[in-house]
Amino acid sequence: MKPTLKTSLLKLALVGILFYASYSLSNHYAASLAYVPEVAFAWERNIPFWEWTILPYWSLNLMYAAAFFLCRNAREQNRYVARLVSAQIVATTCFMLFPLHFGWPKPPTDGLWGVMFDSLVAFDLPYNQSPSLHIALSIIVGAFYWTRFPKIRLPIFLWQSLIALSVLTTYQHHFIDVPTGALLGWLVLWAIPQHGVSPFRRPFDTQGRLKTSEASFCEAKTSEASFCEAKTPPETRSREIKIAMLYQAGAVLSALLSLFGGAWLWMLWISVSLSIVAFAYLTDNAAVFQKQADGRLSAAATILLLPYLAGVRLNMAYWLRGKAKTARVRDDVLIGSVSEISDDLPAVLDVCAEYSCPRYRGAYRVLPLLDMVVPSENDLVQAALLLEALRRQHGKVLTCCALGYGRSAAVVLTWLLVYGGCRDLAQATAELKQARSQMVLPLETAKAVEAAAGRLKMNAVSFAKTSEASFCEAKMNEASFCEANRDS
């Protein structure tokens with residue numbers, strides 16, 4: 001239900017009070033210090049002063065406030081408020097911990113532009129620089145309008161870009177404030193996503209899960225706690241932590257290289273990217289990559305992880321060079337790389353968490369799994385059920401991960417044991433190796449495959465017995481009904 005005018009006004013007032021109170025507090029704190037540094041590159045002296053860009057600069061305030069009244073429901077409004085407040089708190093904290101100032105004089109202005117500059121000076125001081133809150137808010141507010149008004153996305157993008165440019169051409173910020181402000185904005189959008197749950201919370205159900213009658217029966221016979229939140233084996237957990245530490249070491253090294261300054265500052269982007277990946281492994285949470293139901297990573301995840309994603313693409317190209325990117329295991333079951341998804345395939349099961357799939361029009365299901373770690377028994381149960389359901393409905397399915405060697409192999413092996421007629425793991429492995437010789441099956445993954453297959457087989461037997469019992473009960477009820485009618 002659309003929020004009432006009173007509710008929207010109240011929330012706007014509260015957020016506005018927080019904004020001006022915290023912004024003024026950090027401004028006056030910096031002004032009270034004996035020395036506040038200034039960070040600027042020499043080339044910034046060539047940035048022109050365009051007085052007319054004060055108009056797009058100021059327009060953000062109007063867009064910021066108007067969004068409160070354009071929300072379609074309370075959930076959308078609360079998410080918008082949460083994003084604004086989060087950005088405000090983080091930015092204000094940075095302003096007080098690392099105060100900076102802008103010391104360049106502004107050229108004189110008059111007319112309408114002069115009035116707008118004077119009104120800005122009335123409450124602002126040359127502090128609160130990095131990260132640029134204006135840049136962060138332009139991303140957050142722009143994301144709201146981008147989602148709310150999809151038919152005018154190009155004008156929205158162009159205007160928000162002009163707002164971002166205006167922080168430089170109005171001499172409000174130095175360049176260093178722009179990427180740091182953008183980082184804050186995208187981090188907030190990533191932490192409070194448009195769809196799905198926050199990466200700081202594990203999803204209760206696995207994204208892309210397709211419920212079939214058998215899947216529903218498995219849920220009924222297995223508690224949600226054991227099915228969705230089963231404990232990770234110690235060996236797997238140890239490997240996840242090691243991988244997380246390696247990524248974090250890369251993040252620290254990148255951050256240290258940024259201390260050289262200049263172009264080396266872009267190493268901070270790599271540092272942030274690797275830190276997010278480390279966080280995914282440390283928390284055993286593939287949702288950190290924010291792969292959507294359509295197979296695309298969220299915009300925020302894509303921007304923040306771009307250096308890492310470039311590395312993933314290069315890694316895929318290296319390991320797949322000169323090799324078939326897909327292979328036929330059975331006439332109706334294929335295995336391969338996510339990069340080879342095409343509309344020629346009627347159905348796809350994607351278990352790659354860290355890479356977006358190409359645009360695809362067929363039946364698509366995604367169950368994101370982390371790379372280089374053992375899939376959980378629960379994940380393999382769900383994946384095998386998904387694979388079989390897609391096969392029955394669409395006739396042919398590609399199961400894919402980054403390379404088609406690891407995660408997808410574990411899923412196909414589970415399917416072969418349960419639905420493919422293989423008597424044991426050795427037979428299933430031999431069949432899969434014949435199709436995909438590069439497949440990898442660590443010992444712990446083999447154990448998870450056998451455990452998942454065992455659970456599915458056990459549940460299938462229980463399902464059959466339950467169905468038979470229900471049928472017999474129905475027949476008995478029918479006989480009793482007929483007998484009662486005869487007696488009457």
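We number each residue from 1, going along the chain as drawn.
A Cβ is built for glycine as well, from the same backbone N, Cα and C atoms used for every other residue.
In TrEMBL, annotation is done automatically, which means it is predicted and not curated.
So that you can see what the record holds, here are the features copied from TrEMBL:
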TRANSMEM  12-35  transmembrane segment
TRANSMEM  55-72  transmembrane segment
TRANSMEM  84-105  transmembrane segment
TRANSMEM  125-145  transmembrane segment
TRANSMEM  152-169  transmembrane segment
TRANSMEM  246-279  transmembrane segment
TRANSMEM  299-320  transmembrane segment
DOMAIN    378-447  domain 'Tyrosine specific protein phosphatases'
Sequence gap of 6 or more, Cβ distance under 8 Å, 3 or more pairs: do the transmembrane segment (12-35) and the transmembrane segment (84-105) meet that?
yes
Spatial neighbours of the transmembrane segment (299-320) not adjacent in sequence (6+ beyond its ends, CB under 8 Å) are 143, 183, 186-187, 189-190, 193, 269-270, 272-274, 276-277, 288-290, 337, 339, 354-356, 402-403, 405
The answer for the transmembrane segment (55-72), taking Cβ pairs under 8 Å and residues 6+ beyond its ends, is 2-3, 5, 8-9, 11-12, 15-16, 80, 84, 113, 116, 120, 134, 137-138, 141, 144-145, 148, 159, 162-163, 165-167, 170, 172
Same-chain residues at least 6 beyond the ends of the transmembrane segment (84-105) with a Cβ under 8 Å from one of its Cβ atoms are 15, 18-19, 22-23, 25-27, 29-30, 33, 36-40, 64, 126-131, 133, 136-137, 140, 171-174, 177, 181, 184-185, 187-188, 191-192
Across the domain 'Tyrosine specific protein phosphatases' (378-447), DSSP yields 45 helix, 5 strand, 20 coil
